[in-house]
């Protein structure tokens, strides 16, 4: 394998992952007690798949899923937020180097590592990159885009923190633990 | 779940005959122009050309009206939000203040604000006809070939191709799983409380995700067995060579880009100011 950073598995994960990301964008669950806010399933899924398949797959899913999804759903692409989705995908994926998910390990330490990564990248993405790009590209007023980014960011950090962690934990339970076989007496 | 998505619409128009690669290049350049400039004249030209091209494509409004309704609602809400947060942004940008309608506090409506918001709205809307047409007039199988043609690595182009290929599959799995769970008594109505609703969603989403993860393994093994990615290049069944129309479309777009950059350089500002 020459180009290891873009293996066949990564390409397929990016392709199918982006398809699921696009479908999940249609399904949002109203929180109920906070009006007009929904749980974004797409980013919860992005967290899982990026942690399993790494930063390249995560970034590609964010990029393809968000841009193609925008085009298919709305007929326009909001590039400033596409960039953030790609960035967030890479950020989630970077956590995978520090986790041992394939051997079913996802204890408190792993949860802390994953959440540190997701909080930092999403904070940078939604609080900083998205508003700044909105100002540069679309010339939108600063206070409006920062408020928008702040609300979106907080929501995503909380939902990924709770449900993303939960989903990854469920995934880790399906993996066979290393050394789980015992010799019969 | 109501999945309304744009998809390829078969017609025999000049726009359909353009190669996917040419349309992709035009769409990207068009986005670059719309994102970089704030010049009302350029944006207006883009909007008019967009509408003409839309007409040429023989696509009917009603075929894409669900998307347009969404965009118009989005733009309206966005405009209201901009006004709520920064009612004097226009005055800051254009440097003058012509009050049309005095309102308490800083909310007085000025001509400058109206003009600024008009510009933002056109700016968002100017790209829409092209993004839309690119999706509905390009065959999905030509899409990946086009990406590769404009220089994207064929492995990444192939990922996009897989995405387009698997959207219907994932959709079908979703419906199958949802029906199976409903048969087992999972209540998908909106009446349930949040906690319950999350559990119900999980009972569909989790099988969907996990079956898809299995599919990733199967597909990548199949591709590995067929020696995908062993060569530097690959050919595409749907690839077509450029014709006169393609060069013409790209030429017009490049001209507009140059004009936009020239105006930008000459004025030294992104904004066209009619108030001076």
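Cβ atoms here come from the backbone N, Cα and C positions, even for glycine.
For A:6-29 (among others), the entry in TrEMBL reads transmembrane segment. Non-local neighbours of the transmembrane segment (A:6-29) in the same chain are 38-42, 45-46, 49, 52-54, 56-57, 60-62, 64-66, 68-69, 72-73; each lies 6+ residues outside the stretch with a CB under 8 Å from one of its CB atoms.
Summarising the annotation, TrEMBL assigns transmembrane segment to A:41-66 (among others).
Packing against the transmembrane segment (A:78-99) from elsewhere in the chain are residues 43, 46-47, 50-63, 65-67, 70, 105-106, 110, 113-114, 116-118, 120-122, 124-126, 129-130, 133-134, 137-138, 156: each is 6 or more residues past its ends and has a CB under 8 Å from a CB in it. Feature annotation from TrEMBL assigns transmembrane segment to A:78-99 (among others).
Away from its own ends, the transmembrane segment (A:111-138) comes close to residues 47, 51, 79-81, 83-84, 87-88, 90-92, 94-95, 98-99, 145-146, 148-150, 152-153, 156-157, 160-161, 164-165, 168-169 of its chain (Cβ-Cβ under 8 Å, at least six residues beyond either end). Per TrEMBL, the feature transmembrane segment maps to A:111-138 (among others).
Taken from TrEMBL, the feature transmembrane segment applies to A:150-172 (among others). Here the transmembrane segment (A:150-172) has long-range neighbours at 37, 39-40, 43-45, 47-48, 51-52, 88, 101, 104-106, 111, 114-115, 118-119, 122-123, 125-127, 130, meaning same-chain residues at least 6 beyond its ends whose C-beta is under 8 angstroms from one of its own.
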